[in-house]
Amino acid sequence: MRLILLFLAVFLCRVTAHQCDAETECSDDETCCKLGDNTWGCCPMPNAVCCDDRSHCCPTGTTCDPQGARCIGADEKHVPMKKKKPARKTVERNQFNEVVCPDKASKCPDGSTCCLLEQGSYGCCPVPNAVCCADMLHCCPNGFTCHGQFCSQNFAMIPHLRKFASTSIHRKPAVEFLSEEEEDDDDEESTSSEDPESDVDPIACGVGKTCPAKTTCCNVRGKNGEPKTMCCPLSNFNFRPSAVRTLAAQPAITVLMVESARSTLKL
(Lines of atoms letter the chains of each structure in order from A and count residues from 1; the text may use other names and numbers.)
(Lines give C-alpha, C1' and ligand atoms only; values in the text may rest on other atoms or scores of the structure.)
Protein backbone atom coordinates (compact mmCIF):
# COMPACT_ATOMS: atom_id res chain seq x y z
CA MET A 1 0.00 0.00 0.00
CA ARG A 2 2.86 2.39 0.79
CA LEU A 3 4.34 1.82 -2.65
CA ILE A 4 1.01 2.58 -4.32
CA LEU A 5 0.60 5.80 -2.33
CA LEU A 6 4.16 6.81 -3.14
CA PHE A 7 3.60 6.17 -6.84
CA LEU A 8 0.37 8.18 -6.86
CA ALA A 9 2.02 11.05 -5.01
CA VAL A 10 4.57 11.39 -7.81
CA PHE A 11 1.77 11.91 -10.33
CA LEU A 12 -0.52 14.11 -8.25
CA CYS A 13 1.91 16.45 -6.54
CA ARG A 14 2.45 19.49 -8.75
CA VAL A 15 4.40 22.50 -7.47
CA THR A 16 5.72 25.58 -9.17
CA ALA A 17 9.44 26.31 -9.31
CA HIS A 18 11.89 29.16 -8.79
CA GLN A 19 15.23 29.67 -10.53
CA CYS A 20 18.61 29.03 -8.90
CA ASP A 21 20.36 30.33 -12.03
CA ALA A 22 19.60 30.50 -15.74
CA GLU A 23 19.83 26.71 -16.14
CA THR A 24 18.64 25.18 -12.85
CA GLU A 25 15.61 25.44 -10.58
CA CYS A 26 14.09 24.17 -7.33
CA SER A 27 10.45 23.79 -6.31
CA ASP A 28 8.79 26.62 -4.40
CA ASP A 29 8.80 24.47 -1.27
CA GLU A 30 12.60 24.05 -1.57
CA THR A 31 15.63 26.33 -1.19
CA CYS A 32 18.50 26.73 -3.65
CA CYS A 33 21.85 25.90 -2.01
CA LYS A 34 25.33 25.42 -3.47
CA LEU A 35 26.78 21.89 -3.51
CA GLY A 36 30.38 20.78 -3.03
CA ASP A 37 31.11 20.87 -6.77
CA ASN A 38 29.84 24.48 -6.90
CA THR A 39 26.68 23.46 -8.75
CA TRP A 40 23.21 24.21 -7.39
CA GLY A 41 21.26 21.86 -5.17
CA CYS A 42 17.84 21.93 -3.53
CA CYS A 43 17.21 21.82 0.21
CA PRO A 44 13.84 20.11 0.90
CA MET A 45 12.34 23.02 2.86
CA PRO A 46 11.51 26.68 2.13
CA ASN A 47 13.75 29.55 3.31
CA ALA A 48 16.34 27.09 4.60
CA VAL A 49 19.80 27.81 5.98
CA CYS A 50 22.49 26.42 3.65
CA CYS A 51 25.23 24.81 5.74
CA ASP A 52 28.92 25.46 5.07
CA ASP A 53 29.63 21.79 4.33
CA ARG A 54 27.62 22.28 1.12
CA SER A 55 25.89 18.95 1.67
CA HIS A 56 23.26 19.74 4.29
CA CYS A 57 20.79 22.45 5.25
CA CYS A 58 18.71 23.47 8.25
CA PRO A 59 15.29 25.07 8.86
CA THR A 60 15.09 28.85 8.95
CA GLY A 61 15.99 30.32 12.35
CA THR A 62 18.38 27.50 13.25
CA THR A 63 22.17 27.11 13.11
CA CYS A 64 24.06 24.34 11.32
CA ASP A 65 26.10 22.01 13.53
CA PRO A 66 28.01 19.82 11.04
CA GLN A 67 29.94 17.95 13.72
CA GLY A 68 26.74 16.87 15.43
CA ALA A 69 24.86 16.56 12.11
CA ARG A 70 22.05 18.65 13.58
CA CYS A 71 20.35 22.03 13.43
CA ILE A 72 20.29 23.98 16.69
CA GLY A 73 17.49 26.45 17.42
CA ALA A 74 17.46 29.52 19.68
CA ASP A 75 15.81 27.48 22.42
CA GLU A 76 18.68 24.96 22.22
CA LYS A 77 16.36 22.37 20.72
CA HIS A 78 17.82 20.58 17.76
CA VAL A 79 16.63 18.65 14.71
CA PRO A 80 18.56 16.50 12.23
CA MET A 81 20.19 18.22 9.26
CA LYS A 82 18.62 17.71 5.85
CA LYS A 83 20.52 16.42 2.84
CA LYS A 84 20.51 18.50 -0.34
CA LYS A 85 19.80 17.03 -3.76
CA PRO A 86 20.94 18.29 -7.18
CA ALA A 87 18.81 21.05 -8.66
CA ARG A 88 16.73 20.30 -11.73
CA LYS A 89 17.49 21.67 -15.16
CA THR A 90 15.18 24.50 -16.14
CA VAL A 91 12.44 23.34 -18.51
CA GLU A 92 11.63 25.49 -21.55
CA ARG A 93 7.91 25.98 -22.11
CA ASN A 94 5.78 27.50 -24.85
CA GLN A 95 2.78 29.83 -24.50
CA PHE A 96 0.52 26.84 -23.82
CA ASN A 97 2.72 25.68 -20.90
CA GLU A 98 3.82 22.63 -22.90
CA VAL A 99 7.39 21.34 -22.43
CA VAL A 100 9.66 22.13 -25.40
CA CYS A 101 12.25 19.39 -25.96
CA PRO A 102 15.96 20.24 -26.48
CA ASP A 103 15.73 19.63 -30.24
CA LYS A 104 13.25 22.57 -30.44
CA ALA A 105 11.26 20.46 -32.93
CA SER A 106 9.14 18.41 -30.53
CA LYS A 107 7.11 19.03 -27.40
CA CYS A 108 5.54 17.12 -24.51
CA PRO A 109 2.42 17.85 -22.43
CA ASP A 110 2.63 19.84 -19.21
CA GLY A 111 3.59 17.53 -16.34
CA SER A 112 5.84 15.32 -18.48
CA THR A 113 9.56 15.16 -19.31
CA CYS A 114 11.40 15.02 -22.65
CA CYS A 115 13.61 11.90 -22.93
CA LEU A 116 15.67 10.65 -25.87
CA LEU A 117 14.50 7.52 -27.70
CA GLU A 118 16.62 4.90 -29.49
CA GLN A 119 16.02 6.42 -32.92
CA GLY A 120 17.43 9.76 -31.76
CA SER A 121 14.13 11.62 -31.49
CA TYR A 122 12.48 12.68 -28.24
CA GLY A 123 9.71 10.93 -26.36
CA CYS A 124 7.73 11.97 -23.29
CA CYS A 125 7.96 10.45 -19.82
CA PRO A 126 4.55 10.86 -18.10
CA VAL A 127 5.92 12.51 -14.93
CA PRO A 128 7.61 15.90 -14.38
CA ASN A 129 11.39 16.17 -13.89
CA ALA A 130 11.78 12.46 -14.60
CA VAL A 131 14.96 10.38 -14.73
CA CYS A 132 15.51 9.11 -18.30
CA CYS A 133 16.80 5.53 -18.18
CA ALA A 134 19.85 4.43 -20.19
CA ASP A 135 17.82 1.93 -22.23
CA MET A 136 16.21 4.96 -23.93
CA LEU A 137 12.81 3.33 -23.55
CA HIS A 138 11.82 3.72 -19.90
CA CYS A 139 12.00 6.43 -17.24
CA CYS A 140 11.59 6.87 -13.49
CA PRO A 141 10.06 9.59 -11.28
CA ASN A 142 12.29 12.35 -9.93
CA GLY A 143 14.46 11.10 -7.05
CA PHE A 144 14.36 7.47 -8.20
CA THR A 145 17.09 5.44 -9.91
CA CYS A 146 16.62 3.22 -12.96
CA HIS A 147 17.17 -0.36 -11.80
CA GLY A 148 16.32 -2.98 -14.42
CA GLN A 149 12.55 -3.09 -14.80
CA PHE A 150 12.02 -1.04 -11.65
CA CYS A 151 12.66 2.41 -10.21
CA SER A 152 14.35 2.36 -6.82
CA GLN A 153 14.64 4.92 -4.03
CA ASN A 154 16.29 3.75 -0.82
CA PHE A 155 14.33 0.56 -0.10
CA ALA A 156 11.29 1.45 -2.21
CA MET A 157 10.79 -0.16 -5.62
CA ILE A 158 8.11 0.76 -8.18
CA PRO A 159 7.64 -0.38 -11.80
CA HIS A 160 9.41 1.77 -14.34
CA LEU A 161 7.44 4.04 -16.67
CA ARG A 162 7.25 3.77 -20.45
CA LYS A 163 7.76 6.83 -22.62
CA PHE A 164 5.27 7.89 -25.28
CA ALA A 165 5.85 9.76 -28.53
CA SER A 166 6.28 13.52 -28.45
CA THR A 167 4.39 15.95 -30.71
CA SER A 168 6.14 17.73 -33.57
CA ILE A 169 6.19 21.52 -33.43
CA HIS A 170 4.79 23.09 -36.60
CA ARG A 171 5.72 26.73 -37.08
CA LYS A 172 3.47 28.83 -39.29
CA PRO A 173 4.91 31.72 -41.34
CA ALA A 174 4.40 35.18 -39.93
CA VAL A 175 1.66 37.40 -41.32
CA GLU A 176 2.70 40.83 -42.58
CA PHE A 177 0.41 43.56 -41.27
CA LEU A 178 -0.50 46.43 -43.57
CA SER A 179 -0.60 50.07 -42.59
CA GLU A 180 -3.97 51.84 -42.69
CA GLU A 181 -3.06 53.51 -46.01
CA GLU A 182 -1.97 50.21 -47.57
CA GLU A 183 -5.08 48.50 -46.24
CA ASP A 184 -7.34 51.17 -47.78
CA ASP A 185 -5.55 50.81 -51.14
CA ASP A 186 -5.88 47.03 -50.92
CA ASP A 187 -9.61 47.33 -50.20
CA GLU A 188 -10.09 49.57 -53.26
CA GLU A 189 -8.26 47.08 -55.48
CA SER A 190 -10.35 44.23 -54.09
CA THR A 191 -13.55 46.16 -54.76
CA SER A 192 -12.59 47.07 -58.31
CA SER A 193 -11.44 43.55 -59.26
CA GLU A 194 -14.10 40.94 -59.93
CA ASP A 195 -13.88 37.55 -58.28
CA PRO A 196 -14.76 34.93 -60.94
CA GLU A 197 -15.95 32.48 -58.31
CA SER A 198 -18.36 35.00 -56.73
CA ASP A 199 -19.99 35.55 -60.15
CA VAL A 200 -21.40 32.03 -60.13
CA ASP A 201 -22.14 31.59 -56.43
CA PRO A 202 -25.83 31.58 -55.45
CA ILE A 203 -27.13 34.34 -53.17
CA ALA A 204 -28.82 33.53 -49.88
CA CYS A 205 -32.42 34.73 -49.87
CA GLY A 206 -34.46 33.94 -46.79
CA VAL A 207 -34.33 30.80 -44.68
CA GLY A 208 -33.16 27.82 -46.72
CA LYS A 209 -33.52 29.67 -50.04
CA THR A 210 -31.14 31.08 -52.65
CA CYS A 211 -31.22 33.26 -55.73
CA PRO A 212 -29.08 32.73 -58.85
CA ALA A 213 -25.82 34.61 -59.21
CA LYS A 214 -25.97 38.21 -60.46
CA THR A 215 -29.48 38.71 -59.06
CA THR A 216 -30.76 40.50 -55.97
CA CYS A 217 -32.89 39.08 -53.16
CA CYS A 218 -35.90 41.33 -52.48
CA ASN A 219 -38.48 41.22 -49.71
CA VAL A 220 -41.95 41.84 -51.17
CA ARG A 221 -45.58 41.27 -50.22
CA GLY A 222 -47.75 38.78 -52.04
CA LYS A 223 -51.32 39.24 -53.20
CA ASN A 224 -52.62 38.25 -49.78
CA GLY A 225 -50.30 40.75 -48.10
CA GLU A 226 -47.95 38.12 -46.64
CA PRO A 227 -44.20 38.88 -46.87
CA LYS A 228 -42.10 36.71 -49.17
CA THR A 229 -38.73 36.77 -50.92
CA MET A 230 -38.17 37.02 -54.66
CA CYS A 231 -35.16 37.29 -56.94
CA CYS A 232 -34.71 40.45 -58.99
CA PRO A 233 -32.73 39.79 -62.21
CA LEU A 234 -30.31 42.64 -61.46
CA SER A 235 -27.17 42.50 -59.32
CA ASN A 236 -26.90 44.87 -56.32
CA PHE A 237 -30.44 46.12 -56.95
CA ASN A 238 -31.76 48.68 -54.44
CA PHE A 239 -35.37 47.51 -54.04
CA ARG A 240 -38.26 50.01 -53.87
CA PRO A 241 -41.92 49.24 -54.71
CA SER A 242 -41.84 51.93 -57.42
CA ALA A 243 -38.78 50.24 -58.89
CA VAL A 244 -40.72 47.00 -59.32
CA ARG A 245 -43.38 48.87 -61.29
CA THR A 246 -40.65 50.43 -63.40
CA LEU A 247 -39.20 47.02 -64.14
CA ALA A 248 -42.64 45.68 -65.02
CA ALA A 249 -43.19 48.52 -67.47
CA GLN A 250 -39.94 47.96 -69.30
CA PRO A 251 -40.27 45.60 -72.27
CA ALA A 252 -36.80 44.15 -71.79
CA ILE A 253 -37.49 43.11 -68.15
CA THR A 254 -41.03 42.16 -67.29
CA VAL A 255 -42.72 41.11 -64.12
CA LEU A 256 -42.87 37.60 -65.57
CA MET A 257 -39.09 37.52 -65.57
CA VAL A 258 -39.07 38.38 -61.88
CA GLU A 259 -41.68 35.71 -61.20
CA SER A 260 -39.62 33.11 -63.07
CA ALA A 261 -36.66 33.78 -60.82
CA ARG A 262 -38.39 32.91 -57.54
CA SER A 263 -36.19 31.80 -54.64
CA THR A 264 -35.30 28.13 -54.83
CA LEU A 265 -34.97 25.79 -51.87
CA LYS A 266 -31.49 24.54 -51.06
CA LEU A 267 -31.12 20.78 -51.51
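FYI, residue positions are counted from 1 along the chain as it appears here.
Using N, Cα and C of the backbone, Cβ positions are placed for all residues, glycine too.
Lifted from TrEMBL, the feature list:
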type	residues	note
COMPBIAS	178-200	compositional bias 'Acidic residues'
DOMAIN	51-64	domain 'Granulins'
DOMAIN	133-146	domain 'Granulins'
REGION	177-201	region 'Disordered'
SIGNAL	1-17	signal peptide
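Outside the domain 'Granulins' (133-146) by six or more residues, the chain places 7, 10, 85, 88, 113, 115-118, 125, 127, 152-153, 158, 160-163 with a CB less than 8 A from a CB of the stretch. When pLDDT is averaged over the domain 'Granulins' (133-146), the result is 88. Sorting the domain 'Granulins' (133-146) by DSSP state (H, G, I as helix; E, B as strand; all else coil) yields 0 helix, 5 strand, 9 coil.
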